[in-house]
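Here is the structure we will look at.
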Amino acid sequence: MSAQNPLFSGSIVALVTPMNHYGEVDFSCLEKLVEHHIEAGSNALVSVGTTGESATLSIEENVKVIEKTVEFAKGRIPIIAGAGANATSEAITMTKLLRDSGVAGCLSVVPYYNKPTQEGIYQHFKAIAECTNLPQILYNVPSRTGSDMKPETVARLAKIENIVGIKEATGDVSRIVKIKQLAGKNFIVLSGDDATGLEAIKLGAEGVISVTNNIAAKDMADMYRYALVGDFDKAEEINARLMRLHHDLFIESNPIPVKWAAYRLGLIKSSHLRLPLTTLSEEIQPKVEDALKIAGLL
């Protein structure tokens, strides 16, 4: 698949999963979020990734949220399904369940907690890719998984036909260059770090899977639209205004701050998260509110 494939480029939202005060998924609110991002010009949505609280939803809930997101989108925006797990068999089960869901592809995280070797990581993703025809996007986020997938392993996996790209969330932009060199120019690289996302585009990334996008969707869509055509002056102007927000949305564990911010802006009805995640600490809330004001969102 070409690196210019519009399904996997530009401003991609790591979508929150809205919940009510009882911890149940709020599908009415989810539908409104999908509409909001379509109207704002977002290029794609990731349903039930890390920001969507995949770890505290059952497989059945994961699949239902993804299917409803596809239903609400009505073909107007590509939906990428979070389908990772730290057990290869579970990731395969999830991927198979999504076969006829209408998703554009799957985002699959490096196995967390059990810390596989590079060979184990390779075999994990190879087994998942072999169970489906859906395009697969690898997801490397060692700060959360405890394992770092090396560029050399990515290059091996890039030889598998339906492994088409990676969400690289180390925040080390030199990785973008290294992966492009080893995996080839047609292998899609998406930044997973808002603070360095624009720099990643300058170094050859095709887009960004963004947390900030949840609450600054139009600004983010505009910024990456400018960046991808080389108008970095306009892109930098937007990015400077959002930089405090990029950082403060991680002042506590994601998605705690972004859910509170989305609630503060009226995008969702509740900032509720499922345990063990709890809502944003009261003493931290003014800092995030200040970041929203600096960004021009309040």
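Numbers here mean position along the shown chain, with the first residue as 1.
Note: Cβ is positioned from N, Cα and C throughout, glycine not excepted.
Computed from a predicted structure; not experimentally measured.
According to Swiss-Prot, the features are:
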type	residues	note
ACT_SITE	Y139	active site, proton donor/acceptor
ACT_SITE	K167	active site, schiff-base intermediate with substrate
BINDING	T51, I209	pyruvate binding site
SITE	T50	site 'Part of a proton relay during catalysis'
SITE	Y113	site 'Part of a proton relay during catalysis'
Between the residue listed as 'active site, proton donor/acceptor' and the residue listed as 'active site, schiff-base intermediate with substrate', what is the CA-CA distance rounded to a whole number of Å? 5
Distance between T51 (pyruvate binding site) and Y113 (site 'Part of a proton relay during catalysis') at the Cα atoms, whole Å? 18
Between K167 (active site, schiff-base intermediate with substrate) and T50 (site 'Part of a proton relay during catalysis'), how far is it from one CA atom to the other, in Å? 12
Could you tell me the C-alpha distance between T50 (site 'Part of a proton relay during catalysis') and I209 (pyruvate binding site) in angstrom, no decimals? 11
Between Y113 (site 'Part of a proton relay during catalysis') and I209 (pyruvate binding site), find the distance joining the two CA atoms and give it rounded to the nearest Å. 23
All chains considered, the count of other Cβ atoms within 10 Å of the Cβ of the residue listed as 'active site, proton donor/acceptor' is 28
I209 (pyruvate binding site) has how many other Cβ neighbours within 10 Å of its own Cβ? 30
Fewest neighbouring Cβ atoms within 10 Å among the recorded positions T50, T51 goes to T51
Candidate with sparsest Cβ neighbourhood (10 Å radius) among Y113, K167, the listed recorded positions: Y113
